[in-house]
Amino acid sequence: MRRKLAAGNWKMNGTGEALTALEAIAGAHPAATVDLLICPPATLLYRAAQAVSGSRVRIGGQDCHAANAGAHTGDIGASMLADAGASAVILGHSERRADHGETDAQVCDKARAALEAGLIAIICIGETLAQREAGQTLDVVCAQLAGSVPDGIDGTQVVIAYEPVWAIGTGLVPTLDQIAEVHDTLRQQLIGRFGSETAEAIRLLYGGSVKPGNAAEIFAVSNVDGALVGGASLTAADFSPIVTALEQAAG
Ligand code: PEP
């Protein structure tokens, strides 16, 4: 059985005072029955990991370099994230693909580095609105999945986040049927490539405007193993009900 995961992506938000929100999230779920992860900006990683030490919340990065160390000014290696207290890293988020031109091949290299450093790799994929309207969604996400996930993986260490670009931060959400269609297709592609045992261990998150008001219905969709949450992960008031909805879906 895949353990459900509620992951928060704080993006480029938060200085020291944001640690109180993190502590409130951890304090609200002392006996969480699902995995909880918050990915703060890199500047907060170490303090965040200290702040949630002993709680059910784990800390993750938002990107890493494909190399472990070297002459890459401004970048962070996966083992550095682990050293700072991270246990996971988000890779290939659409904002990084758009802002930094990250390709599937680069995301794949980063994922390999993350896995080698002992981090869980949360690999993001998703179509733009133009691609959805052109009927290309399944082709796009399948190509991204094929290109962004390395060979020879342990399924428990890889998480795929399906995040339609047009749903991120917009309040727009695909229909439940549209989410199911993508997630079922991704699962089938993973089974075809890695075999059932590995593929069934890979968690598939939905991401894009998940809020307390829509979380429960999204978590009831087949092959949705949790959520990657942006804006609604910044406060316990928003994130906590999403965690509770996921716990209820887990049964
Ligand atoms: C995200 O940034 O990964 C995301 C899903 O953002 P939001 O929940 O704000 O749409």
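Backbone N, Cα and C atoms are what each Cβ position is placed from, and that goes for glycine too.
Small disclaimer: the values here were computed from a predicted structure and weren't measured.
If you check TrEMBL, you get these features:
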- HIS93: active site, electrophile (ACT_SITE)
- GLU163: active site, proton acceptor (ACT_SITE)
- ASN9, TRP10, LYS11, GLY169, SER209, GLY230, GLY231: substrate binding site (BINDING)
For SER209 (substrate binding site), the three-state class that DSSP assigns: coil
8 Å Cβ shell about ASN9, TRP10, LYS11, GLY169, SER209, GLY230, GLY231 centroid, substrate site members excluded: ILE168, VAL229, ALA232, SER233, LEU234
Set of same-chain residues at least 6 away whose C-beta sits under 8 angstroms from GLY169 (substrate binding site): SER209, GLY230, GLY231
CB contacts for TRP10 (substrate binding site) [other CB atoms within 10 A, all chains]: 22
Longest CA-CA distance among ASN9, TRP10, LYS11, GLY169, SER209, GLY230, GLY231, per record bound to substrate, angstrom: 14
LYS11 (substrate binding site) versus the residue listed as 'active site, electrophile' - Cα distance in angstrom: 10
Cα separation, the residue listed as 'active site, proton acceptor' to LYS11 (substrate binding site) (Å, whole number): 15
